[in-house]
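Taken from TrEMBL as is:
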{"type": "TRANSMEM", "residues": "12-33", "note": "transmembrane segment"}
{"type": "DOMAIN", "residues": "13-152", "note": "domain 'EamA'"}
{"type": "TRANSMEM", "residues": "45-63", "note": "transmembrane segment"}
{"type": "TRANSMEM", "residues": "75-94", "note": "transmembrane segment"}
{"type": "TRANSMEM", "residues": "106-126", "note": "transmembrane segment"}
{"type": "TRANSMEM", "residues": "138-156", "note": "transmembrane segment"}
{"type": "TRANSMEM", "residues": "188-207", "note": "transmembrane segment"}
{"type": "DOMAIN", "residues": "189-317", "note": "domain 'EamA'"}
{"type": "TRANSMEM", "residues": "219-238", "note": "transmembrane segment"}
{"type": "TRANSMEM", "residues": "258-277", "note": "transmembrane segment"}
{"type": "TRANSMEM", "residues": "284-304", "note": "transmembrane segment"}
Amino acid sequence: MKDVCNVVQGLKPVLLMVVVQIAFAGVNVFYKFAVNDGMSLRVVVAYRFVFATVFIAPLALIVERKKRTKMTWTVLFQSFLCGLFGGSLAQNFYLQALALTSATFASAMSNLIPGITFILAVCFGMERLNLRTAAGKAKIVGTLIGIGGAMVLTFVKGVHIEFGSFHLNLLHPQNGTHAHSATGAHTLLGSLCALASGISYALWLIIQAKMSESYPRPYSSTALMSLWGSLLSIVLALCVERDWSQWRLGWNIRLLTAAYTGIVVSGVMVVVISWCVHMRGPLFASVFSPLMLVTVALAGSTILNEKLHLGWYVHALLFSELQSL
């Protein structure tokens with residue numbers, strides 16, 4: 001019985017990260033619906049972190065009220081960097097990539113995160129580059145496969161291939177807002193935005209790992225990150241978006257998007273990620289990113305009327321090899 005408990009305990013981070021990726025896949029769908037409804041990209045992100053802060057801050061006070069760890073200027077600065085890279089920058093770049101391309105494309109490009117995280121972890125001394133071991137070689141090959149897969153997805157399109165026969169297109173442009181056509185310029189710019197988002201997200205994982213060593217309180221650290229993320233995102237949105245009607249929420253997809261992405265993802269799921277990073281390290285948390293791709297592809301092709309081309313299947317094949325490593 002003790003051995004079974006140990007196995008279950010060891011699988012807990014794996015199962016939790018699978019749940020995280022499924023929840024992240026839902027973000028892509030809700031973001032696409034909100035943008036299609038005419039909601040400003042910057043306002044979406046700002047509301048996301050406002051909802052996250054309002055939800056997670058009281059929870060942190062309740063759950064960790066007896067586990068207070070001394071707040072230092074270093075921890076405060078680390079939480080600011082988490083809010084900057086893992087919050088405002090990562091989400092704004094990602095949402096811009098989503099608007100320029102498609103939910104499937106943006107999520108597929110995020111599969112660069114494991115490779116980027118590995119490179120940064122080596123640079124910061126959190127991972128060792130040992131080419132003499134099988135694990136070290138696998139990490140190098142996996143990073144190269146990730147970069148190659150992203151290049152295939154960006155520059156190779158190929159023929160359209162049906163992904164099943166069931167299609168339920170729920171994406172109907174409103175308020176004169178239409179999805180971007182998949183031009184080469186949009187694809188390239190979207191790729192750059194997705195790359196910037198991946199770098200920001202990887203930096204957040206590295207900083208979060210450092211922060212969890214001196215401040216091992218996942219709820220409180222997530223609350224601090226959400227607070228900084230909301231402040232930075234609000235400032236950016238106010239500088240860019242001058243239409244005050246964009247800030248109006250009703251009982252519609254905009255409110256649902258803000259609530260889901262804020263409470264479920266930036267609230268609950270970020271706590272889970274923080275715990276997994278503390279237990280297993282930043283590279284472990286990053287390698288689950290490819291799992292989101294299949295879920296988003298299914299949703300994109302069935303309810304978002306997105307077309308999957310040959311380049312996507314080649315990309316998926318490359319990342320299946322990456323997962324096997």
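Every residue number used here counts from 1 along the chain in the order it is shown.
The backbone N, Cα and C atoms fix where each Cβ goes, and this holds for glycine too.
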Quiz item: Does the transmembrane segment (219-238) reach the transmembrane segment (188-207) with at least 3 CB pairs under 8 A, where each pair is 6 or more residues apart?
Solution: no
Quiz item: Which residues, given as numbers and ranges, are at least 6 beyond the ends of the transmembrane segment (45-63) yet have a Cβ under 8 Å from it?
Solution: 83, 87-88, 91-92, 95, 217, 219-220, 222-223, 226-227, 229-230, 233-234, 236-237, 249, 254, 257-259, 261-263, 265-267, 270-271
Quiz item: Can you say which of 75-94, 106-126, 188-207, 258-277 has the most Cβ pairs under 8 Å with the transmembrane segment (12-33)?
Solution: 258-277
Practice problem: Grab the same-chain neighbours of the transmembrane segment (188-207) for me: Cβ-Cβ under 8 Å, and only residues 6 or more beyond its ends, written as numbers and ranges. | Solution: 78, 81-82, 85-87, 89-91, 93-94, 96-98, 100-101, 105-106, 109-110, 112-113, 116-117, 120-121, 124, 126, 150, 153-154, 277, 282, 285-286
Quiz prompt | Overall pLDDT of the domain 'EamA' (189-317), taken as the mean | solution = 83
Quiz item: Under the DSSP assignment, what numbers of helix, strand and coil residues are found in the domain 'EamA' (13-152)?
Solution: 115 helix, 0 strand, 25 coil
